[in-house]
Amino acid sequence: MTQWYPASPALWQGRDDSIEAPDARRLFQTVTRSETFSPENWQQKIALMGFACDEGVKRNAGRPGAAGAPDALRKALANMASHQGHERLVDLGNWVAPTPDLEGAQQALRDAVSRCLRAGMRTLVLGGGHETAFGHGAGVLDAFAQESVGIINLDAHLDLRQTDRATSGTPFRQLAQLCDAQSRAFHYACFGVSRAANTQALWREAQWRNVTVVEDLDCHDALAQMAQFIDKVDKIYLTIDLDVLPVWEMPAVSAPAALGVPLIQVLRLIEPVCRSGKLQAADLVEFNPRFDEDGAAARVAARLGWQIAHWWR
């Protein structure tokens, strides 16, 4: 059974510059850490949650280790400067999945996300493998059953695989099937896709599902496509698979990208999403601290989370 645990206070430590000025603060001084999972107490805040699970990566024959990412990313976030928007972050702990119950873990995350959103919070989830996306996305769909939900994925992979069980490569096919079951439209856009890393069968599935696909080669000029997608939906779920970044910026993932989309381009793509007023949920997935020897990759991932919280409107 998937268990919930509050985040350790030892994770939120950093340099104290408060002697300089009242606003010389860092995230470890402004993030609120909750000892209970009680989203009803935190309306209008951002629920920071960890999904400590990499069973989907293992099933997908990837490099395990992403289950340790949530706490590694908290440590990287802790010492970053606190600016506008960061005071809204409330750490609502980790959902820890026992191997091999991926399906139970996804259901627990789904229920937690739905509860947060219904309570008036927004969710920022630290994965975990990309199996995080099914639990997170399903929770968003549940919370906004009467509205159109757009799923924006920055990823080298389409993750529309067809297998006999859930993996880190199946979340968007699962979400498409959930939309089918609920008789609602499946709005999915994937930016940063590597044609070299996706079979013709996956491209055919994306075409059949009317997925908006922007290849890694074209992301430097994709703001218009992003704007069009934002305009056509009511609510947005943003998921960032860190393997969208080039291997020299993000080596610490299950499947590093030989080409990838540089961090600055990723930030420019997500800025209008964050500022749209439609973003309800976001996550960072596939970070693997086992392959981050000096902590540099954790800081790259943390900068994305920092920026999302800062821009979120």
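Just so it is clear, glycine is given a Cβ too, placed from its N, Cα and C backbone atoms.
Per Swiss-Prot, Mn(2+) 1 is bound by H130, D155, D159; the candidate from D23, D241, D243 named for the same site is D241.
Here the Cα atom of D155 (Mn(2+) 1 binding site) is found 6 Å from that of D243 (Mn(2+) 2 binding site). D241 (Mn(2+) 1 binding site) falls within a strand when secondary structure is assigned with DSSP. Remark: H130 (Mn(2+) 1 binding site) has G56, V57, D155, H157, D159, S168, G169, P171, T239, D241, V285, E286 as non-local neighbours, by Cβ distance under 8 Å and separation of at least 6 in sequence.
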